[in-house]
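Working notes, beginning with the structure itself.
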Amino acid sequence: QLCLLQPLGSGGFGSVYKATYHGATVAVKQVKKSSKNRLASRQSFWAELNVAWLQHDNVVRVVAASTCAPASQNSLGTIIMEYVGNITLHHVIYGTGDVWRQGEDDEGGCGRLALSMEETVCYSCDIMTGLAFLHSQGIVHLDLKPANVFITEQGVCKIGDFGCSQKLEEGLSQSLHVCQQGGTYTHRAPELLKGERVTA
């Protein structure tokens, strides 16, 4: 029922593949067992599932997940998500990967077109709408950066890669809301850099 087609990318905690699941095109993330930090690998897998029950136009949807995997795969589990393509905001901003918008830009003439004002506003609204929804559900992403914002063929931004996310539970001690996981240092919220409480 699940057939891997081609690799889309890999990161610190696993690899992502384009695949089919019951005939539908999906993305599959296999979270690998880390020999160096098994706890962090496990936390990343379960953090991805913080959004498993959510549905929103600007959040990558989880279709299914499983902790069953052949021993040969060295995998903690598999997460099946909607396929939104392989273009990220990072590709669009920096002209990398499959996206290279040819033309003369306004700054330096390096051959890459700057985002139009309309695109910038639309993308920003999509991201803010997705974040507002996540925060209304008590979920903080903790690794939001251009590489984790996917752009569909229809030009809709979807927030993905929830491996560092946390679900904030009301009534829990504030000390429990301190970030225990990584995330990209250069994109961290100021309160995390100061060692303060995570907030939505």
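Glycine is no exception: its Cβ is also placed from the backbone N, Cα and C atoms.
The domain 'Protein kinase' annotation in Swiss-Prot covers 2-200 and rests on sequence analysis.
For Leu8, Gly9, Ser10, Gly11, Gly12, Phe13, Gly14, Ser15, Val16, Lys29, the entry in Swiss-Prot reads ATP binding site, with the evidence type sequence analysis. In three-state terms derived from DSSP, Leu8 (ATP binding site) belongs to an extended strand segment.
Under DSSP, Asp143 (active site, proton acceptor) is assigned to coil, being neither helix nor strand in the three-state scheme. Within 10 Å of the C-beta of Asp143 (active site, proton acceptor) there are 20 other C-beta atoms, taking all protein chains into account. If you look up Swiss-Prot, you'll see Asp143 marked as active site, proton acceptor.
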Fewest-neighbour residue among binding-site residues, criterion Cβ within 10 Å, set Leu8, Val16: Leu8
Local confidence of the prediction over the domain 'Protein kinase' (2-200), expressed as mean pLDDT: 82
C-beta crowding around Gly14 (ATP binding site), within 10 angstroms: 24
Nonlocal residues around Ser10 (ATP binding site), in sequence order (Cβ under 8 Å, 6 or more apart): Val16
